[in-house]
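See structure below.
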């Protein structure tokens, strides 16, 4: 999230740089100190007027450019700036002068996103400049793979600025889905008694603020800082150090949003080792696996409390997913997560070809099913014909068997009759012979 302190720091650095340039009286740079982008380590900290004078040599105004042309010019300027810094670093490795163009070369390594530190001040000013350089390290990275939404591509820079101005500073800020950003309200709530700064004009706004408010990129939210429990003793040793907040796992009560400064139930370092600085410390919890914040809460019954888990070193966006976690999910599972960053999903060919392929596939499936049904029907008819033939053969065999059985019985009965008829005449002849014999021979 772009804080108000960073904005004020950028304005003070620009004013100090202009005063330093007038004091040195360099030739060709009296009208504007930022004629060369190589003197800035991050072009996103420049205002639009400074970037206009440094880049547009042909006199073309940014207001007449489309947003596509504006982003292309920013990327070209960033590449030139990086090339100049590399060349200057290569030249400075051989011979490093004590003071060059009013800049202190010892502070050039303050960070890629920071603004260069001017010399000519005391040691305290150098320390303050180093701190401001570290604060400015949250500049926008190169968005070379970013695709603008279709309505935003057709608009000019002046039209986008007018929409931002009408919206009261929020404009089209927020994510690509159209949700407006609430950074101004959060900053006012955090700063409390600070007086509201005046609304910057078009030329005074930095490139980073303009791109964020226009909706080209998202804001990176700051790390949540939970308030201490009022029921506990106000002991300074229970305060969590700032260095340990990056490795903090907290479970917050009363809200589904982990950025809400609620009550922390348990904190700890994922490595499992205690960290104590300055004689104080905090109670360690057992090692917890890095969790993913989904923005929603878990309720236990009607009156349950909502809880959320925060992972280390993963700034949570407005939709509840960290930028690094989204990239890891897309790279691990091969899923195109471009829709979360405003990019449209690439369609596999024209719609007509897709429909034609589907129709051909449906026709092939129908033909295959018809062939299968025809084969099944032919097999059934063949089985029925074989069954009828077997039935006829079975009937013929049964009839032949019955005829054979009848003939066999008939022959048996005929044989029995032929055996019983010759015995009767023999018995009669014997009886006759016995009756003719005389009883005595006289």
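Note that Cβ sites are derived from N, Cα and C of the backbone, with glycine treated the same way.
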Feature SUMO cross-link, as given in Swiss-Prot - residue among 7, 391, 409: 391
Around the Cβ of residue 391 (SUMO cross-link), the count of other Cβ atoms that are within 10 Å: 9
Average model confidence [pLDDT] within the domain 'bZIP' (355-418): 95
